[in-house]
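To start, the structure under review is shown below, and the notes come after it.
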Amino acid sequence: MGLKPLLFCPPSIPPNLPTSFRLTEKFILLLVFSAFITLCFGAIFFLPDSSKLLSGVFFHSSAVETNTHTGPDSSDAGSAGNDDRLLAKIKKDHEKALLEAKDTLQKLPDVIQNDILADKAKVTKESMGKGAKDGNNLPFIEYHRPPGATGLEPQDPETRERRAKIKEMMKHAWDSYKQYAWGSNELRPVSKHGHSSNLFGSIKGATIVDALDTLYIMEMFEEFDAATDWVEKSLDFNVNAEVSVFEVNIRFVGGLLSAYYLSGKEVFRRKAVELGEKLLPAFKTPTGIPWALLNLKSGIGRNWPWASGGSSILAEYGTLHLEFMHLSRLSGNSEFAQKVMNIRKVLNRLEKPQGLYPNYLNPNSGQWGQHHVSVGGLGDSFYEYLLKAWLMSDKTDEEGKKMYYDALQAIETNLMRKSTNGLTYIAEWKGGLLEHKMGHLTCFAGGMIALGADGAPGDKTGHQMEQAAEIARTCHESYARTTLKLGPEAFRFDGGVEAIATRQNEKYFILRPEVIETYMYMWRFTHDPKYREWGWEAVQALEQHCRVDGGYSGIRDVYASSPNYDDVQQSFYLAETLKYLYLLFSEDDHLPFEHWVFNTEAHPLPVIRKDKTDRPNEVE
Ligand code: DMJ
């Protein structure tokens, strides 16, 4: 099918009318038209804001708005009425303000100060109530540094010198890390490069965060500032990686919290809360007992594949309490505290074999796994946190207190034994049978028992101090009986030996702190000089056998005639071992126990005072 062509047919025009303008007429018309357009555009661009002009015509404007611009318009009767009312109100307000000022001037300075504090507390309370939803939206907190963040020089010259030596050791460890592994989690001091264990996923800088508070208390402020700068610019938790909830909590959250409380720098509070929030999905289990491992991006958790029946580990889920209580306090978000209080609830509902807490608990069923009990690896810091939760709450957490002293009683009855030659040790319990072995990790218990002795029920204070002293002695023996004078990972009391490692895979020393930690507590409570002497023996051994050009290294066999390095400078060497040594040679008012509680990675956290509940933002 074809299309018809479109033809143009002009309409017929009468012959006497002009069909078009002449050129001059066209020109004049064009001029008039363009002048008109220019006028219109000029009006749009150069006249005052037309909306304001129009508002006077089309919209009713309030008296206040009118008066702020030009004052009263005498020709407008309604507006004049408004103005009178307004003037009267202003006058009244002025009179009220004058009366208040007069009132204030008559008050005593103390009363004025209290009024200001009450107003501040009110504002803080209101903002705390709203709760932070991320590390960037935190309530205002007025920072007060708790006492003893730094300490005075020791009186005694020898102690002063020894303390200075520990600071020099810290400098060597830190400078080496900075030179060879800056930003990595840990340092390989022999091969002189960075190292990372998979405990931290792809989070970086474990040594920096772990060392912050040690740098601060040793007054190494230049180094502290460099570390702070790194935290501000490079510490990143937005990683798609699986981390150990426990390790990240005790080292990173704990380290950041301490750095905040010591320095008052907001960046540490922000980072601690940000990381705490990233850990919360670990609690998404039927019982609320958290997973051991968590992918920080997906929030998916799981347990260690080797843990009995898919269980969570006592020392892992039981070592979140101190940090999470502080996270709630610093963020205004009560979820952190609820999560850890729920762990207690689950535990309290369970039947405990002989009053003991097995190391394995299934987070789905809420039932114990294998009946394996230990005050060393897998169990240790759970007991520590029960006691410290009570102390950190200014002794108001009665539940924590009861759980601690009951557990200690069960440990004493079922696990604590004396060797043939009189060395007290804490064995491991496997379904009712004892394994007569004590781990280096278990040696922290001397310090813990000493710390709790004062509050022991009945008249057990003296008894517990003796137990603590005996454990300190046994652990010292485990060092003294080696060739290199450093303690093995585990030592046994069977097969004719006492306090000696018999298995090759238990002979290593990885710069762990627990024995020195116990010396520090024992020194503070007894002032018996032997504890400083024992600490100094350890310093000499560390210098002789662990110090290398590029930092400090662990060693593979403490019974060998010379050290075989494992080439790792653990972050806890800076966080704990060197900090406890420094405090051992410091005066008691440096991080005093009545104001500070150490988390299990030796990060000091302030006691939350019960008499300041009305001023939640004050530490003391
Ligand atoms: C530290 O990370 C902590 O003390 C933890 O509780 C177990 N032990 C290591 C150091 O030995």
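Keep in mind that glycine also has a Cβ here, set from the backbone N, Cα and C atoms.
Curation plays no part in TrEMBL annotations; they are all automatic predictions.
Quick look at what TrEMBL annotates:
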TRANSMEM  27-47  transmembrane segment
ACT_SITE  Glu247  active site, proton donor
ACT_SITE  Asp380  active site
DISULFID  Cys443-Cys475  disulfide bond
ACT_SITE  Glu489  active site, proton donor
ACT_SITE  Glu514  active site
BINDING   Thr600  Ca(2+) binding site
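Where TrEMBL records a feature, it is marked here on the structure.
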residue	record	Cβ neighbours (10 Å)
Glu247	active site, proton donor	21
Asp380	active site	25
Cys443	disulfide bond	31
Cys475	disulfide bond	29
Glu489	active site, proton donor	20
Glu514	active site	24
Thr600	Ca(2+) binding site	24
Contacting recorded positions for ligand 1, chosen from Glu247, Cys443, Cys475, Glu489, Thr600 when the Cβ sits under 6 angstroms of any of its atoms: Thr600
Length of the line joining the Cα atoms of Cys475 (disulfide bond) and Asp380 (active site), in Å: 16
Rounded to the nearest Å - Cα separation of Glu514 (active site) and Glu247 (active site, proton donor): 16
Where Asp380 (active site) falls in three-state DSSP terms: helix
Secondary structure at Glu247 (active site, proton donor), reduced by DSSP to three states: helix
Candidates Glu247, Asp380, Cys443, Thr600 (recorded positions) - the one closest to Glu489 (active site, proton donor) by CA: Cys443
Length of the line joining the Cα atoms of Cys443 (disulfide bond) and Asp380 (active site), in Å: 10
Rounded distance in angstrom between the Cα atoms of Glu247 (active site, proton donor) and Thr600 (Ca(2+) binding site): 10
Nearest-integer angstrom distance between the alpha carbons (Cα) of Thr600 (Ca(2+) binding site) and Asp380 (active site): 9
Coarse DSSP state, helix versus strand versus coil, of Cys475 (disulfide bond): helix
Glu514 (active site) in three-state DSSP notation: helix
